[in-house]
């Protein structure tokens, strides 16, 4: 590779801006100069060998820089990050510059070989891998300490000198994408490959899952409709529906793994080698030696972290869960009180009062959720995880458990303590439908409207600005830097997860839930697409091979739903009528059926292979080839 | 590596026999010559470049050959099979000839760098990788077809020309090993590393597991003793014991994974790359192209195999299980009849008759087990699995399920249908103790005695034989070729698995089971060691990183034992007395506790990492280094 780097010494004429760097206003001149030099410097001198251009902001400040790279530089970067691309023989292989001719669609003048999302990912990776050499601090900021090997960008971010780095939208591509994605109202699959090219694998996989999940719900919805239309109340029909649901939910989750493997194989991320993860920006500790890399970096004792997790976070979460249950009990008391009040003196005021407890409870839950979210973020960051991934997993787990309780505790209480199936059905419907409508409004439509208003104001201001650059580009940069940041797919998956709970946990009581879920998801696809394309800053692509911890979360939910559905069926009057003499036999039968269903679930999950045969063969072939190559060496 | 192979052209003076090849008597001269030539031929000519020497048998036939290899050849072979060895810096790395100087204990004249087990494994691997070039058949045997790339040894084996290949015992080493293993009656750990050097990783891991499992049972045994001594019958003590047992069994199985990782890391097998598996000898199909290797080999449609598994094997197994249950019911009827008969006319004859049903049942079970084992082997081989490993897994699963039912069905019946705890305790004790004593006798002591007698006869005959070779070697080869073949660790693990069932399934009824299990396992270690060293042919070493499907089997058993123990406690009169009014509440409470225990089990299994931190760091370090090396290229 050494000789290829030297090609880069000749400058490239055309500069295509890919990534935006925003520094804090009034950043030291010395720092800017040093940072710029490091970005454009040759690899041999410890630089990133990228291209930089300043942009004027609306106020005339010069604290925004566009970063680009030559085509060759990007290809070499693709090799560094280990991108996997399709070869002429349809197999997927790790891209290397020396073997570039063997790859499909590769031509020295074809600048579309790498998607813009990949180019931006490469630049982000190169910037983050700019490492301090012998600098002891960031020039101009003595308090921002550096040590050999420390990522410069991370230190700039943590010391507030670097405000943000974000990838630029490509207006041409975005237009095409949004046209084929949500431009036409027409029943068709989402353009997953195009989404992936533009937003990267993580987001494309979310939309893929959303679509798959919606299709998977359709059989449940179709079977559920006659229950509502004909008001079926036979226990055997309910049992059939519930059994179908339980086995179906196992099948869809297993099949998703297979589909996921197929899709990510063709995207190349299934084969992509896991890169060594850097410490996350917020991680701190005493300077030591990383046992894996041998590099100097902060280290933090894992035992201390365990203590913080198990002795502080865990009790805190338990306390919060208890508190949330306590609030729920108060809500039920209030509800009872309002009902009593209404019965005593039946006035307009008293019937209005009937709604008050629900409204108060909804508001309180919303407030609790937000406070808890802050607390969870604070605690998880205080736990001082070294890796972003383990930080995310701990945060997701904390938020998940709390949200699960908040959403479902009242339903569990109604079902298994009050035994009120009518109220359960009613609450389920209210919760499901209102939460879905509210979510779509708060998460997409409202921000979309706000963003549109802001854009108009901005454009007006822009007209007065004078610069020698392409005005539309300056305008674009200035607009996008003020857009909200998309914080990842967490909230989107959480929404789907809770929806899955509403559909599966009480499916035998309210078969219509699947219908609403399907309807919601169809519009959700459009509103999420709108959100991604119009409301938020373009996010950096994140290569991923699966939906990670969410797979586990959905599987756990489907196990819990076996238990709840069995109990619900056991409690139904029709089933009770079958065991007139002995409630004991009823309970034992229900327990037996439940265990059988659980056993079948686990066996099915075990038997269905996680990867389709063809993909497994391709993976094996690749492994075999690399073993053979090793032998030839 | 090309230049290293040329070193091999100079002949080595001293020949150390490692592996024995026995051809069928009266094998064609032409074939022998051809086969010998292929073994000694240069790599470049498609040979294995090993050394061969003929041996005279007791009858004077010349159909036995000793295979050896020069030290250099073995080192090159070690690189081919991908052995992992310890370096000077205490890290484990894949051995390559070019980097040999960096490995601990390596010296050009140190012939102990590779253990004899490793040398034999290498020779086996090289022999099995002798592939046909342009031969259409085995010379002299037109019916034994060959095609380019077909393993010659496999074809020789399937066409009956090659009777067996086995590694030779090393009498010196064996003496040392047996002395430190079972020579001294002294409480100490087993010499696992020595066992591994002599017998390979699979067998050493079995003995490691046996030892670990025995230690893990000690706490259960210690807690169980006072229950017996003081005849404790309080329900709370039983509940405590059962709860402890259930959580303990989860912990020990999780901890075993960690210990296994530590041990196999230091043996190098944790890091060893999985070699591409050849089709097993019995596999047949139409000649096609393997999609993974691109080589010509028989292919067999996976759908056909699935059909055979699910439409023939599965129903057959279910039928056998049903039949076994049916036989059990007859046994209980007979038992009842004998009891009635004894009550009616109390004579000596009638009290003898009481034992008849049990004896008949035991004999019938033994016969059924054997027939079923044959049927399972036939069916599994008819399923035509391509890989030995998948053949083994399917066979293990079939045998496991049937043995589980045969051993435990009667106990389940006594416990959950007859509700007779006293009979349960009595049957449990009888089954556990008799099976343990019988097993040790049939499996080790009897064959040991037979072998000893045979050896004496053989030695006498040997004295009359004349040969120019070292007589003791000839005697040894002739003795060993007649010894029984050790068919792998299957039966040994099965025995432990059933024992684990006796201990854990009904632990709250019979706390003393753990005590007997510990006592049995201590003697089992000695008798198994005797069996390995004295009774069987030395087996080829088989590198392995874990106990494979048995881990899953033990974990499944521990899940089932949660269910059985909860039911048993729920049925105990003490617990029943706690819920005098409502049996319903009792059942619900038991079900709740059971679900809680299961949830705790799964969470514990999830939280406890499968590899200790230090091993994980070492693995990560290696991966990081290989990624860095790839970047440097």
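FYI, residue positions are counted from 1 along the chain as it appears here.
Placement of Cβ uses the backbone N, Cα and C atoms for every residue, glycine included.
TrEMBL lists B:195-620 with the feature domain 'Anoctamin transmembrane'.
Taking Cβ pairs closer than 8 Å, the transmembrane segment (B:212-232) reaches residues 238, 241, 244-245, 248, 252, 256, 259, 496, 500, 503, 507, 511-515, 517-518, 521-522, 525 in its own chain, all 6 or more past its ends. Feature annotation from TrEMBL assigns transmembrane segment to B:212-232 (among others).
Look at TrEMBL and you will find B:309-332 (among others) tagged as transmembrane segment.
For the transmembrane segment (B:352-372), same-chain residues at least 6 beyond its ends with a Cβ under 8 Å from one of its own Cβ atoms are 320, 323-324, 327-328, 331, 334-335, 337-339, 341-342, 399, 402-403, 406, 410. For B:352-372 (among others), the entry in TrEMBL reads transmembrane segment.
What TrEMBL lists as transmembrane segment is B:395-416 (among others). Proximity of distant same-chain residues to the transmembrane segment (B:395-416), defined by a Cβ-Cβ separation under 8 Å and at least 6 residues beyond the stretch ends, is recorded for 313, 317, 320-321, 324-325, 328, 331-332, 361, 365, 368-369, 372-373, 376-377, 379-380, 423-424, 427-428, 431, 435, 490, 494, 497-498, 501-502, 505-506, 509, 549, 553, 564, 567-568.
Under the heading transmembrane segment, TrEMBL lists B:428-450 (among others).
Taken from TrEMBL, the feature transmembrane segment applies to B:496-519 (among others).
Residues 243, 246-247, 250-251, 253-255, 258, 555, 558-559, 562-563, 566-567, 569-570, 575-576, 578-579 of the same chain lie 6 or more positions beyond the ends of the transmembrane segment (B:586-608) yet place their CB under 8 Å from a CB of it. If you look up TrEMBL, you'll see B:586-608 (among others) marked as transmembrane segment.
Only residues 6 or more beyond the boundaries of the transmembrane segment (B:496-519), in the same chain, are considered here, and those with a CB under 8 A from a CB of the stretch are 209-210, 213-214, 217-218, 220-221, 223-225, 227-228, 238-239, 241-242, 245-246, 249, 400, 403-404, 407-408, 411, 415, 421, 424-425, 428-429, 431-433, 435-436, 550, 553-554, 557-558, 560-561, 564-565, 568-569, 572. Using a Cβ-Cβ cut-off under 8 Å and counting only residues 6 or more beyond its ends in the same chain, the transmembrane segment (B:428-450) has close neighbours at 407, 411, 484, 491, 495, 498-499, 502, 506, 509-510, 512-513, 516-517, 520, 523-524, 527-528, 530-531, 534-535.
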